[in-house]
Number of protein chains: 2
Amino acid sequence: MQLLRNKVIAEGIVLSNKVLKVDSFLNHQMDPVLMKEVGKEFTRRFKDEAITRVLTIESSGIAPGIMTALELDVPLIFARKQKSLTLKHDIYVEKVFSFTKQETNEITVAKKFIDPNDRVLIIDDFLANGEAAFGLARIVEQAGAKVVGIGIVIEKSFQPGRQLLLDAGYRVESLVRVAALENETVTFVEEDSSEA
Amino acid sequence: MQLLRNKVIAEGIVLSNKVLKVDSFLNHQMDPVLMKEVGKEFTRRFKDEAITRVLTIESSGIAPGIMTALELDVPLIFARKQKSLTLKHDIYVEKVFSFTKQETNEITVAKKFIDPNDRVLIIDDFLANGEAAFGLARIVEQAGAKVVGIGIVIEKSFQPGRQLLLDAGYRVESLVRVAALENETVTFVEEDSSEA
């Protein structure tokens, strides 16, 4: 997605060879016009999947998630993150390890919002090790529903998440794929250049 | 806002005489079409205010915030909530007490995203005691910028937040004003009925 790639080039800050800071348009300040285009692009890619719900995780997944849900005309659910939790019978819970923060969070979704007939599109802002995406997918599967795909705004393709998700049988669509963050420069996976 | 009031009547669950649960359309599952209409209505009410930025707080403020920012064609910033924090020179920090959770969080915004010329619209999902709205307003004022108004999706008018904000000189626009939650029934402040 060229618009998004241009934004990464213009405003992304390479903090280390693993960390790309995009807080001016994606995860602290947000560009609503860009988010709308992100929603349109996910919809274009997944439009034949008869999606019934979009699932994301707080907080940075909510803006791309709501714009995608609007285009698809289905509800958005966002999973909540908590440090720990007393077990409840009316929520699905999965553990998600954050490599960045070196901590495990529990993510939760109320059972009433996913049913076995649902065809769910998972959306998140970043894909690195795939922990969050796997946690969300396990929640969908706990509900007996179908994960039709995983839509990622920015994928760090030099980390293992994408391959792990593909190996597990999921369809992954990333709008921008970052090949490397060496020498304070962002380089992209080249297949991107042929896309919208 | 009649559409929103109808949704509260149809799907809101009165958990106690203080707690209204709206997790099917506002703060866990979200209705994107309703969120878009919320954004349009805030824009209609504040369109003459020459707004340059919308400020909200994670997580439930993000969806109404991004839709309002889209309509106004300005960036959205969401403040982050944290338990506590080592002081940093590049962020604004304010303490916000949650009566619901009986705990104090620190909310933070990167300094680079608000400048003294900004005219900021604050958006939040709920108004009860006004703690979050005041915290966001203090951050805007730390930056030397102007709070042009506070837009609330659902106001619990039987709690003191609205009056405290008005007394402090802020303009408050709430799309639905709940007068009481007695006998498991939602009653509304009647001025609502004349609005869009």
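Note: Cβ is positioned from N, Cα and C throughout, glycine not excepted.
These come from TrEMBL:
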- A:Leu20, A:Asn27, A:Lys156: xanthine binding site (BINDING)
- A:Ala128, A:Asn129, A:Gly130, A:Glu131, A:Ala132: 5-phospho-alpha-D-ribose 1-diphosphate binding site (BINDING)
Among the binding-site residues listed here, A:Ala128, A:Ala132, whose Cβ has the fewest other Cβ atoms inside 10 Å?
A:Ala128
In sequence order, which same-chain residues at least six apart have a C-beta under 8 angstroms from A:Asn27 (xanthine binding site)?
A:Ser59, A:Ser60, A:Asp125
Based on DSSP, name the secondary structure state of A:Asn27 (xanthine binding site): helix, strand or coil.
coil
Which chain neighbours of the xanthine site, leaving out A:Leu20, A:Asn27, A:Lys156, have a Cβ atom within 8 Å of the mean position of the site's Cβ atoms?
A:Gly12, A:Val19, A:Lys21, A:Val22, A:Leu26, A:Asp125, A:Phe126, A:Ala128, A:Ile154, A:Val178
Expressed to the nearest Å, what is the distance separating A:Asn129 (5-phospho-alpha-D-ribose 1-diphosphate binding site) and A:Leu20 (xanthine binding site) at their Cα atoms?
14
Specify the count of other C-beta atoms within 10 Å of the C-beta of A:Leu20 (xanthine binding site).
20
Distance from A:Lys156 (xanthine binding site) back to A:Ala128 (5-phospho-alpha-D-ribose 1-diphosphate binding site), taken between C-alpha atoms, in Å:
5
Take the C-alpha atoms of A:Glu131 (5-phospho-alpha-D-ribose 1-diphosphate binding site) and A:Lys156 (xanthine binding site) and report the distance between them in angstrom, rounded.
13
Between the binding-site residues A:Asn129, A:Gly130, A:Glu131, A:Lys156, where is the Cβ count within 10 Å the lowest?
A:Asn129
Around the 5-phospho-alpha-D-ribose 1-diphosphate site (A:Ala128, A:Asn129, A:Gly130, A:Glu131, A:Ala132), what further same-chain residues have their C-beta within 8 angstroms of the site's C-beta centre?
A:Val96, A:Phe99, A:Leu127, A:Ala133, A:Phe134, A:Gln159, A:Gly161
Between the Cα atoms of A:Lys156 (xanthine binding site) and A:Gly130 (5-phospho-alpha-D-ribose 1-diphosphate binding site), what distance do you get, rounded to the nearest Å?
10
How far is it from A:Ala132 (5-phospho-alpha-D-ribose 1-diphosphate binding site) to A:Leu20 (xanthine binding site), counting Cα to Cα, in Å?
18
For a quick check of understanding: given the listed xanthine-binding residues A:Leu20, A:Asn27, A:Lys156, what is the maximum Cα-Cα distance in angstrom, as an integer?
16
Using DSSP with the three-state reduction, classify A:Leu20 (xanthine binding site) as helix, strand or coil.
strand
Whole-number Å only: compute the distance from the Cα of A:Gly130 (5-phospho-alpha-D-ribose 1-diphosphate binding site) to the Cα of A:Leu20 (xanthine binding site).
16
